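Asker: Handing you this structure, nothing more for now.
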Amino acid sequence: MARQQPPPWVHTAFLFCLLSLTGAIEIPMDLSQPPTITKQSVKEHIVDPRDNILIECEAKGNPAPSFHWTRNSRFFNIAKDPRVSMRRRSGTLVIDFRSGGRPEEYEGEYQCFARNKFGTALSNRIRLQVSKSPLWPKENLDPVVVQEGAPLTLQCNPPPGLPSPVIFWMSSSMEPITQDKRVSQGHNGDLYFSNVMLQDMQTDYSCNARFHFTHTIQQKNPFNLKVLTNHPYNDSSLRNHPDMYSARGVAERTPSFMYPQGTASSQMVLRGMDLLLECIASGVPTPDIAWYKKGGDLPSDKAKFENFNKALRITNVSEEDSGEYFCLASNKMGSIRHTISVRVKAAPYWLDEPKNLILAPGEDGRLVCRANGNPKPTVQWMVNGEPLQSAPPNPNREVAGDTIIFRDTQISSRAVYQCNTSNEHGYLLANAFVSVLDVPPRMLSPRNQLIRVILYNRTRLDCPFFGSPIPTLRWFKNGQGSNLDGGNYHVYENGSLEIKMIRKEDQGIYTCVATNILGKAENQVRLEVKDPTRIYRMPEDQVAKRGTTVQLECRVKHDPSLKLTVYWLKDDEPLYVGNRMKKEEDSLTIFGVAERDQGSYTCVASTELDQDLAKAYLTVLGRPDRPRDLELTDLAERSVRLTWIPGDDNNSPITDYVVQFEEDQFQPGVWHDHSKFPGSVNSAILQLSPYVNYQFRVIAINEVGSSHPSLPSERYRTSGAPPESNPSDVKGEGTRKNNMEITWTPMNATSAFGPNLRYIVKWRRRETRETWNNVTVWGSRYVVGQTPVYVPYEIRVQAENDFGKGPEPDTVIGYSGEDLPSAPRRFRVRQPNLETINLEWDHPEHPNGILIGYTLKYVAFNGTKVGKQIAENFSPNQTKFTMQRADPVSRYRFSLSARTQVGSGEAVTEESPAPPNEAYTNNQADIATQGWFIGLMCAVALLVLTLLIVCFIKRSRGGKYPVREKKDVPLGPEDPKEEDGSFDYSDEDNKPLQGSQTSLDGTIKQQESDDSLVDYGEGGEGQFNEDGSFIGQYTVKKDKEETEGNESSEATSPVNAIYSLA
């Protein structure tokens, strides 16, 4: 954000105003006066031969002057030449060639004379020349033969044009010749090679001349170079080699000057012109040029270096710029210097130019003509175009060198005087008339003007007047007080009043009064003071990313009586407000900022009296431009140096460079990332793989994004070698149950290392020690057939190319194809209570692959009613599942299968046990807690113990006791099991599966011995009281005859006998 200074033209205009205030007073045109030249052509007038010739000469005077011309100092009779005419009320010559004629016939030196009865004014001597653009002479140029490393100058020698043509070098195909400190064009148009390299043969060289007036370009026949070299192959890889010349076998040499030759020279320049010094040197390596001035420093404000430091330009030369300058050419082999002695000469320039002299009869005056130059110019006075010494004598006039003194002038002294001052480098001609008038004061401006000014500004009130003798002028404010002069006021010679700083109290009416001996005249000016226009909230510098929205504020305060206009400039040019911009009263909004929006934005708030400016700079952050000029150097078998020139970072520093490569064998046209480097480098060593035809490109990255890729580099192929690695991701998997597919990730171009890349595939069954099977494959898969189901194999894949085999590969374990798994083992259904059912199982005996899970399907049923089937999937590691029952009555049928990738295998099916009779169970619990029942049970137990003892004694004595003869003899009706059906509550639907027994907790048991205590209690958890009595729920155990088809020969259990007694 900055409040901009007034533009330069404001200061220039103010300076011009001040100069005009101190200049001579003009005679009103209604009064008699000698001629004055007001317009004329330049001294060196070059014209286009295709146009008519115009030589300007205009003048004023009263009476109006007449005109005539001289050509080559002789009267030019316009009337005798039908092609020549003079414009009306003007002395301008027009030479018309529409009807034919040669413009060259009119070349020469012309001078215009403007005359009336009071004198004659002269124009400069105008040298008319016709522009020339001659054709280049035809010539056959032989090839230029030069040794590599030697200097060379290709001369242009353009035809002499007028003005001199602009010279530039191109190839015959109109491609510009790249110039640098080694190859460059001199000021004379020649093309200089400090040393020739083999790459210079890649093009031809043609000098071109562009002529200004005809806008034509002429081309010289091209030069062809033939470079003799000790290193004939393409050297693009060595172009940026740190020791390029020795790498190419070029001998290094100390510098020597090609232009100018020798150790010293001299140069003359005219004051006010530009001094151009030039030094072009040869040498190997290419020399650097430095400039110095003997006994002082180079003028930093005027000196600048051009043409890769080979030229020094000093602008607007003055006498203090003369002296000795020297250029120093140096390389690592040495240095030389050339001294240029500069002499500054000067064409005449004014110190005191003569001005018109207005006198009253009897007054004295003088004309002064003072000039300087080198050499010192001479002064010649003329009157009315004739040498002063040839004019009639005038006793009132005295010539004193560069001054003419007039005393007691009279009307007869009126004339136009010319001062001509000249030396060998040019001349100056000035007209100044002497006018003798007797005129009372008169005002030349409109009366009662209104002047509006801005507070605190410097202001000028004009009051142009005339009179002879010259009147005196005084200013008054509001018709009162003394003459306004001094302090805050200053009155100029031409009558203007300057108020150095306007204040509010300066507002009012100002009167100017002009007085001489013949009378007086006055005029009034009304001054109004207005408040200044000020931007009180200025736009601020902003940094924006491309595509965002930016708002620049500009709030203004101004005098309400003045009309305000606010507009915007971009880069000091009027801003076109397009669709992406919105201009409001106090702001400018830019939508979707683009790179072209970057620049300075100036808010201009103006009224008819003043303006205020405020500037802000918008920086647009964009993606970087693409890198360019990629070069490969330091070529080696496994590395190369890549160098590039960074593109513009577009105001966001480059953070990284990504180097990509492309090869033309495996994936032509596909680019891969090679490496990444910091944004501070532009050269890097790249590690390469064997047998790859590389091509590189570079992408620049900054905070905004990535650049477009650079143009690709030239290609570079590395030599081949055996592979140093083997393919990755080797796998062996079956696609069918009797095969195994071996796959791998194929190696890319950077790991192939040679032609005809192939793979040696080996396999054998694991832990069988059988011989390896092998096959050579060019692809990335091989299928082994006729394999057993899901058998492990050892696999090896080795890379091989025409240069040899890769390293010994690692062994990978793969498996042949999978099949359906067998059924899960030991599927168990338990019912610990009326709310849940627990399921357990073991893994299948034959998985036939990798188990991926289990599928459980179950359905609830109650009698003939069947519910909706539900499916559950489990992970391969899960072997338990607990299910919440929907109700305590329904039973469940379960089907469980294992899964592999092939699918679900054989299923195993089980059902949940029948739920127990809840009323019977409660009754059992009530009886068991009665005292009489406990006593009864104790008596029965004692009786049984007594019987057992008796039986034991009889048996030990050889006694016999009755047993059942056959296992299929049914129990008698007296059997307690048959008498009380309340103990057998199961029905047909609740029978357990054959070969299993059911406990009261609902657990399905595998067939076991009848002697297990688990069969007599609740899940094996029955307890005895401290007195030895049995407590718990009693379960009736069915005989072996019922559960195993009456196959048991075992006697009735004593526990059953107890139940029967109860």
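Placement of Cβ uses the backbone N, Cα and C atoms for every residue, glycine included.
Pulled the feature table from TrEMBL, pasting it below:
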SIGNAL    1-24  signal peptide
DOMAIN    35-131  domain 'Ig-like'
DOMAIN    137-218  domain 'Ig-like'
DOMAIN    255-343  domain 'Ig-like'
DOMAIN    348-435  domain 'Ig-like'
DOMAIN    440-528  domain 'Ig-like'
DOMAIN    532-614  domain 'Ig-like'
DOMAIN    626-721  domain 'Fibronectin type-III'
REGION    709-736  region 'Disordered'
DOMAIN    723-819  domain 'Fibronectin type-III'
DOMAIN    823-919  domain 'Fibronectin type-III'
TRANSMEM  932-953  transmembrane segment
REGION    963-1062  region 'Disordered'
COMPBIAS  976-987  compositional bias 'Acidic residues'
COMPBIAS  993-1006  compositional bias 'Polar residues'
Asker: With pairs fewer than 6 apart in sequence excluded, do the domain 'Ig-like' (137-218) and the domain 'Ig-like' (255-343) have three or more C-beta pairs that lie under 8 Å?
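Answerer: Stretch pair touches.
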Asker: Considering only Cβ pairs under 8 Å, which range in 35-131, 137-218, 723-819, 823-919 makes the most contacts with the domain 'Ig-like' (348-435)?
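Answerer: Most Cβ pairs under 8 Å with the domain 'Ig-like' (348-435) come from 35-131.
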Asker: What mean pLDDT does the predicted model reach across the domain 'Ig-like' (532-614)?
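Answerer: Overall, the domain 'Ig-like' (532-614) comes to a mean pLDDT of 94.
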Asker: Over the span of the domain 'Ig-like' (348-435), count residues by DSSP class, listing helix, strand and coil in order.
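Answerer: Helix, strand and coil residues of the domain 'Ig-like' (348-435) number 6 helix, 52 strand, 30 coil.
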